[in-house]
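J.: Heads up, here are the entries from Swiss-Prot:
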BINDING   Thr65, Pro66, Ala67, Gly68, Glu69, Gly70, Lys71, Thr72  ATP binding site
Amino acid sequence: MLSDIAIAQRARLEPITKVAEQIGLGPEDLELYGRYKAKVADHVWPRVRSNPDGKLILVTAISPTPAGEGKTTVTVGLGQAMSRIGKRAIIALREPSLGPAFGVKGGAAGGGYSQVVPMDEINLHFTGDFHAVTAANNLLAAMIDNHLHQGNKLGLDPRQITFKRVLDMNDRALRSVVIGLGGKNGGVPRQEEFMITPASEVMATLCLAEDLADLKRRCGEIIVGYTYDGAPVRARDLKAEGAMATLLKEAIKPNLVQTLENTPAFVHGGPFANIAHGCNTVVATRLALKLADYVITEAGFGADLGAEKFIDIKCRLSGLRPDAVVVVATIRSLKMHGGLKKDDLAREDLEALQRGSANLMRHLRNVTEVFGLPAVVAINRFAADTEAEIALLRALVEEAGATAVVADVHARGGDGGIELAQRVVELVEQPNRFRFAYDDEDSLKTKIEKVATRIYGADGVDFTREASRMLKKLESEGFGRAPVCIAKTQYSFSDDPKKLGAPTGWRLTVREVRPSAGAGFVVALTGEIMTMPGLPPVPAAESIDVSDDGEITGLF
């Protein structure tokens with residue numbers, strides 16, 4: 001089988017103006033970025049906002065392993081399959097980050113015959129949204145240090161500056177640096193940390209904003225640090241929000257592209273799901289619901305992270321409600337959760353599969369029992385999967401009261417997802433008992449405890465002294481009703497990435513709590529979460545090249 005980029009380069013793309021016709025958009029509704037990419041103009045939303053909403057389908061997954069789950073691939077394949085059975089569908093995805101593309105992951109636009117295209121352009125600079133977020137973030141950072149240099153009228157304590165600079169690249173050397181070393185005219189020396197752009201508060205703020213005016217207001221709410229007296233200093237105190245919103249003016253417009261089978265796709269926004277809330281923009285999701293009968297969206301990593309944050313943060317703050325959930329699982333990954341080594345995954349092992357299925361069952365239970373949503377399991381098929389393994393996994397899922405459907409969308413595109421699409425169409429008509437994992441009125445501490453015990457399976461939560469102090473401080477400052485965003489390893493339900501499967505008999509430790517006031521949530525940090533990744537021993541960048549005539553190779 002051809003590589004992903006080779007398949008993408010051989011695709012027959014339609015002009016984006018023709019793709020837009022499928023969802024009722026004309027050339028005047030688009031701002032073109034070449035022949036195959038466009039932003040949707042501002043005037044479209046007022047015209048369609050009174051349209052009835054389509055059905056919202058959330059695609060999530062088991063806890064990820066190095067064996068790969070293919071959540072984006074299934075999301076794209078399901079959208080293509082919906083089109084094949086005559087449904088008007090739009091796919092709503094996040095934009096990929098440059099850092100992982102050149103690091104360990106490679107490209108992130110689906111795989112095989114279920115990709116969004118132009119794949120190389122989406123994975124690289126796309127329409128410039130990530131660069132705009134980086135610029136807006138670093139403008140605020142520059143204004144903070146300029147304020148210190150120009151006399152510090154606000155009394156901002158350089159030791160308590162919480163807002164960090166960002167770069168959309170994996171660069172461990174920037175995790176901890178000292179700035180302002182240029183002498184008298186070089187600013188105030190202080191320690192600084194860089195984060196990767198998808199981890200930034202500005203990215204989360206963009207993705208949860210309802211429109212440009214709301215985005216500007218939210219930018220002004222960002223807490224950049226604290227005064228010597230402990231009072232919060234916000235971006236609006238530095239008069240930064242107007243310039244930040246100006247830099248983000250184009251970035252808030254949804255990006256329209258297509259799949260290999262010409263199904264429309266909104267690819268917009270890109271916060272990480274282990275550090276941030278892991279969902280595409282509210283703006284793009286809302287617009288898609290007004291233009292399609294079915295909107296298929298995904299949330300990052302496993303259902304304990306992406307799906308929980310999609311529901312408890314994105315849905316809570318926006319009013320969106322999913323109609324059904326697809327939980328993606330692979331037999332390879334479940335065998336790894338069952339204790340099998342990566343090198344042994346190609347051989348049949350029913351015992352390892354049965355042990356590892358506990359991970360899937362906990363995710364499935366969370367979706368159906370905690371959140372009250374109808375769900376189907378999509379078995380993302382790999383060539384080494386045996387009929388006995390598939391039969392066992394189907395039986396285990398049926399025992400749990402759900403249905404498992406094989407999705408062969410990597411190899412067959414939309415044709416390989418027709419059974420899944422038909423099942424989803426049935427699911428969205430089932431009774432929906434949607435609910436959150438916690439209530440707005442719960443204390444911040446209780447919210448964290450409910451997610452840990454109800455979703456992760458923890459026995460309880462331990463808070464460091466500093467985390468407990470910050471929780472009380474945030475509640476006194478008016479953050480008590482905010483949702484919580486728990487920053488946790490994606491590889492385990494627990495805060496220990498080595499505890500695979502569905503661990504029991506453990507407690508979650510919250511070591512730090514910080515406000516993300518622009519986004520509107522409170523972040524609780526657990527374990528060893530890196531906000532600036534590093535490159536691996538052999539970065540993907542070493543295999544990426546471009547020919548003399550401009551053809552890219554090696555990008556996944």
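Glycine too: its Cβ is placed from the backbone N, Cα and C atoms.
Tell me what's around each of these sites.
T.: DSSP assigns Gly68 (ATP binding site) to coil, not to a helix or a strand.
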J.: Hey, what's the Cβ neighbour count for Lys71 (ATP binding site) at 10 Å?
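T.: I get 27 for this one.
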J.: Measure the Cβ-based neighbour count of Gly68 (ATP binding site), defined as the other Cβ atoms within 10 Å of its Cβ.
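T.: For Gly68 (ATP binding site), the count of other Cβ atoms within 10 Å is 15.
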J.: Would you please pick out, from the binding-site residues Thr65, Thr72, the one with the fewest other Cβ atoms within 10 Å of its Cβ?
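T.: Comparing Cβ neighbour counts within 10 Å for the binding-site residues Thr65, Thr72 gives Thr65.
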J.: Taking the Cβ of Gly70 (ATP binding site) as the reference point, list residues of the same chain whose Cβ is under 8 angstroms away and which are at least six residues distant in sequence.
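T.: In sequence order, the residues whose Cβ lies under 8 Å from that of Gly70 (ATP binding site) (at least 6 apart) are Gly111, Val328, Thr330, Asn380, His410.
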